Amino acid sequence: MNPNQKIITIGSVSLGLVVLNILLHIVSITITVLVLPGNGNNGSCNGTVIREYNETVRIEKVTQWHNTNVIEYIERSESDHFMNNTEALCDAKGFAPFSKDNGIRIGSRGHVFVIREPFVSCSPTECRTFFLTQGSLLNDKHSNGTVKDRSPYRTLMSVEIGQSPNVYQARFEAVAWSATACHDGKKWMTIGVTGPDAKAVAVVHYGGIPTDVINSWAGDILRTQESSCTCIKGECYWVMTDGPANRQAQYRAFKAKQGKIIGQAEISFNGGHIEECSCYPNEGKVECVCRDNWTGTNRPVLVISPDLSYRVGYLCAGLPSDTPRGEDSQFTGSCTSPMGNQGYGVKGFGFRQGNDVWMGRTISRTSRSGFEILKVRNGWVQNSKEQIKRQVVVDNLNWSGYSGSFTLPVELTKRNCLVPCFWVEMIRGKPEEKTIWTSSSSIVMCGVDHEIADWSWHDGAILPFDIDKM
């Protein structure tokens with residue numbers, strides 16, 4: 001065979017293979033489009049399957065175009081039973097760092113929300129950080145004027161604990177300028193307060209769906225805890241205030257089951273003032289340490305039973321824990337009455353440990369700077385000044401802010417008690433710093449069986465930002 005014949009033969013074979021390959025593809029496409037859809041599904045190219053994994057159950061919506069699958073993951077309920085939460089608090093010798101979001105540092109160059117009032121709450125499988133956004137991002141023109149508490153742009157959103165409040169991982173929860181949230185073991189319940197000052201409305205969401213509402217009953221800035229509500233055996237409790245911030249107001253405790261309000265109680269507290277309660281479950285009851293924005297530099301204490309009966313008074317300890325406050329040496333303490341004559345205040349917390357109490361407070365007596373937590377012997381039941389432990393979380397050279405409580409459920413820890421935890425907000429920007437905005441980050445600590453060294457886990461952002469220099 002001469003060279004020309006070889007070339008012709010090789011070319012003919014190659015062309016034949018190409019034609020055969022094309023014919024096979026045509027047959028494959030014809031079978032896929034015309035034959036397979038007719039096999040019991042009326043020509044539909046879409047299908048839904050359920051696949052069970054060890055860690056959870058996911059519904060996968062599978063859309064098929066010939067050889068391509070597009071899969072959307074749809075979340076299922078985390079559990080089929082309510083959390084008990086009737087255990088006692090674990091004894092804590094100190095508090096170890098759980099998370100720190102560094103949101104403002106990241107937000108100088110990242111897409112991070114302007115926020116205030118962050119708090120933490122836990123389900124049987126995870127803890128989430130909730131926060132009230134201002135409908136704007138750090139280092140953006142819309143951050144101007146965000147020192148304002150209430151606006152139509154504020155929303156409650158959440159991320160997994162430790163994540164910054166960024167636009168890519170945040171989950172919308174409610175329209176709100178005041179809020180609370182908690183998990184009953186099956187689904188998240190969130191309560192977002194929004195609307196005009198005189199006719200604000202609290203919208204209850206359960207599993208992401210609006211299920212009930214509470215209208216303002218006193219017409220004066222209906223508001224709630226700015227920290228976790230408390231669920232016990234499927235029933236969730238929270239506290240609301242309606243009325244003046246600097247004199248007698250009205251207070252109510254609410255109970256809901258699966259997002260529907262099933263009870264409420266008026267809290268009679270003449271001469272006392274309750275706002276922004278920090279609550280946690282303990283031995284089958286809800287224990288709250290709140291803010292007196294009227295006169296007291298000691299904190300109100302509210303203990304709620306499952307039937308909504310309650311005991312209300314003040315934290316007995318002979319050390320004040322609100323800000324501003326006077327000298328420790330000049331404070332005597334009271335279990336029943338407000339002490340001191342310092343108006344205003346800041347959200348705070350405390351934990352009962354038998355008759356003792358862990359109480360958090362700013363280190364500064366006059367401003368929201370620094371943060372420490374003290375353990376006072378018999379401070380829950382007596383006017384004791386006996387400080388038996390102290391731990392510094394933020395030093396007094398750095399700004400702090402609100403603080404609040406939550407617990408780790410036994411489903412998370414596998415212990416037979418509820419781990420006490422707290423968070424500290426670190427406010428940056430206005431009114432203390434020369435910026436056009438106000439925002440915050442947070443540090444979260446949880447109780448452990450060991451003493452923890454003092455340190456300062458402060459915010460650390462370098463201000464001003466570029467937007468502040470324009």
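Along the chain as shown, the residues are counted starting at 1.
Even glycines carry a Cβ here, placed using N, Cα and C.
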Same-site Ca(2+) binder from D322, D328, given that Swiss-Prot records D292, G296: D322
Per Swiss-Prot, the disulfide partner of C417, chosen from C90, C122: C90
Record Swiss-Prot, residue C229, disulfide partner from C182, C231: C182
C182 (disulfide bond) as reference: those recorded positions from R116, D149, R291, G296 with C-alpha within 10 Å of it: none
Distance from C290 (disulfide bond) back to E275 (substrate binding site), taken between C-alpha atoms, in Å: 6
Site diameter for substrate, Å, by largest Cα distance between R116, R150, E275, E276, R291, R368: 21
Three-class DSSP secondary structure - G296 (Ca(2+) binding site): coil
Per-residue pLDDT averaged over the region 'Hypervariable stalk region' (32-86), given as an integer: 52
